[in-house]
Amino acid sequence: MGRDMPIIPTSLSLLATYMSPILVLGYAGEIYSYGTLMVETIFGAIVFVPIAALIFMPTMYPLRLTSAYEVKKHYFKFLRKLFYSFIHAIICYLEYRYESRVVRILAALTFTIQIICYMGVVLFAPSLALNAVVDFPIPISVVVMGLSCAVYTAIGGLKAVVWTDVFQMLIMLAGMFAIVIGGALQVGGYSKVFQIAQDHQRIKFLNLNVDFFERLNSLNILLGNGIMVLSVCGCQQTAVQRYCSMSSLKKAILTILITLPLVVFTVGLAALAGVVIFANYADCDPITLGLIKRNDQIAPYFVLEFLSSTGGLLGLFIACLFSASLSTVSSGLNSLTAVTWEDFLGKTEFFQKMSEKAQGQVSKLVGLIYGLLCIGMAFLAANFDGVLGASIVLNGSVAGPLLGVFLLGLLVPFANKWGAIVGMLVGHTITILICVGAGLLNIKSPTLPFSVDGCSDNVWDTVGNKTEIYLRSNITVNAVRPEIEWPQKIHTVSFLLYPVIGCTICVVVGLIVSFITGIVCPGTNFLISPKQEKYVHPLLAKLIRMFRKPGNYYNGGSGKSLELSTSYSYSNGYPSEAPAVQSNMNGLNGTYTKRSSSLGRNLDVGP
């Protein structure tokens with residue numbers, strides 16, 4: 001019934017969702033320019049992944065989001081239906097919890113914007129690599145890859161995505177291992193690598209400053225990455241889809257806990273690659289020399305210079321980046337198409353009256369349009385200081401309020417639709433204003449010092465003006481971040497904290513608005529009605545039942561006791577399944593029917 005997936009393959013599939021060109025290029029460039037402090041994102045994952053499992057899984061898993069489908073003869077048809085059902089169900093959770101279509105629409109729009117932003121960065125990253133290796137124009141590379149991905153996704157649907165996932169992960173790991181091993185041998189071993197990095201201030205850990213305006217410190221990294229981990233594990237279909245495919249809650253939790261050391265290993269490997277690359281360029285920086293333009297081009301340039309003599313290695317590395325990008329963008333386009341059809345187009349009478357073939361064609365056209373939007377976002381990503389920073393800014397500024405509305409629904413029984421709506425709107429508004437203001441100020445954080453003192457005569461003959469390059473090197477070493485006064489100073493807050501700001505504002509505003517508009521559930525004199533208990537955390541549901549007294553439910557304002565028409569039996573802290581409903585959902589290759597036996601209910605939802 002779709003819940004018999006093995007633990008290890010599912011964990012590897014979860015790991016594949018974290019693998020992208022941003023990981024390889026972003027961490028290498030970050031560590032090359034700013035040191036190893038960003039590696040502390042690993043600690044955020046170690047702390048917050050178990051917290052995410054405790055908060056989201058006990059609530060999401062028993063809703064049985066995958067029980068709607070049976071595995072039939074055609075495996076990929078099942079996968080396609082399953083893929084769309086998860087996206088639909090995650091967003092539907094908010095509608096059923098808050099009994100409001102507006103909350104669902106806001107969540108769908110947030111999801112759409114978040115995926116477009118992220119995919120734009122993913123498209124831009126491999127184009128940087130190709131430019132560093134063969135000087136191929138970045139704009140042409142972005143357009144060609146974006147259009148190619150949109151076309152083959154529209155034609156192939158999820159089948160194209162499934163076949164590339166495992167291949168993508170393996171080939172990216174192979175590329176990073178090639179850098180780590182080959183680069184260390186080039187320097188003289190790992191002890192020499194770390195000694196050089198230490199001498200040039202690249203080994204940095206535990207910056208315990210409490211300064212929210214500092215680009216990187218341990219507290220900002222822990223909070224910012226922690227909120228992103230919660231968002232990924234609880235609000236993104238890529239994670240929820242996989243752990244809900246397990247046959248039991250215990251296996252679902254075990255799956256995500258097994259994924260944790262895999263993620264730690266992968267991030268650690270990417271960070272080690274950055275340290276190894278710096279050790280090779282410590283005394284002859286190609287950025288200062290003008291051989292490359294950005295720090296996130298350092299990994300492909302290193303492969304070109306030092307490892308291209310090994311037959312096929314350069315091609316392997318570029319293929320690794322493009323494979324990861326295509327897989328990620330394909331998955332995102334499928335997600336966006338599903339959300340657009342289910343929450344917008346599929347609700348209109350015009351599209352409902354279309355034939356299945358026509359609906360499938362419309363879905364493909366929607367996928368192509370989203371592909372064009374992602375291409376446009378890729379050009380915007382070029383304005384950020386590194387692909388890793390661009391990913392955190394664009395993804396995090398949108399993810400925070402969405403996580404906030406989920407946390408309100410799960411952990412605050414009296415949170416209502418008005419709190420969710422106003423909280424999300426205010427959270428998005430403030431984070432977007434901060435982000436846009438930071439972009440307009442365009443303040444670049446100074447990097448750690450680079451050196452060109454060890455460049456050979458051959459290198460100087462290649463680059464030309466030695467005096468100009470030394471002058472450029474001195475400017476980089478002496479660069480200081482300018483002081484900004486209030487109120488503009490708010491725009492200089494660490495980019496890592498964008499998701500924290502959005503989530504916190506959404507939760508605080510949501511609590512205040514919910515309290516003002518009434519903390520008692522309509523038709524009752526209690527915080528929440530029985531039919532809503534399954535949508536809050538099971539521990540809260542148990543506490544609610546402990547403190548609820550007979551007669552807590554009344555029929556409106558009449559004062560008469562309300563006899564509930566549905567009797568609930570509790571299993572694992574949840575009311576039993578409600579009546580099933582039918583809803584149409586369109587995939588990239590046609591229309592099919594979704595039957596949800598637990599989320600689907602006849603609800604009289606308001607705005």
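Glycine is no exception: its Cβ is also placed from the backbone N, Cα and C atoms.
The model shown is predicted, which means the values in this text are computed figures rather than measured ones.
As annotated by TrEMBL, transmembrane segment applies to 7-28, 34-57, 102-124, 136-155, 167-185, 252-278, 298-322, 362-382, 388-411, 418-441, 496-521.
Beyond its flanks by at least six residues, the transmembrane segment (496-521) meets 212, 216, 220-221, 223-225, 227-228, 231, 392-393, 396-401, 403-405, 407-408, 412, 414-416, 418-420, 422-424, 426-428, 430-431, 434-435, 527-529, 532 of its own chain at Cβ-Cβ distances under 8 Å. Below 8 A, the CB atoms of the transmembrane segment (102-124) and the transmembrane segment (388-411) form 3+ pairs separated by six or more positions in the chain. With a cut-off of 8 Å on Cβ pairs spaced 6 or more residues apart, the transmembrane segment (136-155) and the transmembrane segment (362-382) reach 3 or more such pairs and are scored as touching. Beyond its flanks by at least six residues, the transmembrane segment (388-411) meets 22, 25-27, 29-30, 38, 55-56, 59, 93-94, 97-98, 103, 106-107, 110-111, 113-114, 117-118, 120-121, 124, 224, 227-228, 230-231, 234-235, 296, 377, 381, 419-420, 423-424, 427-428, 431-432, 434-435, 438, 495-496, 498-507, 510-511, 514, 535-537, 540 of its own chain at Cβ-Cβ distances under 8 Å. The transmembrane segment (252-278) makes no contact with the transmembrane segment (418-441): fewer than 3 of their CB pairs lie within 8 A, with pairs spaced 6 or more apart in sequence.
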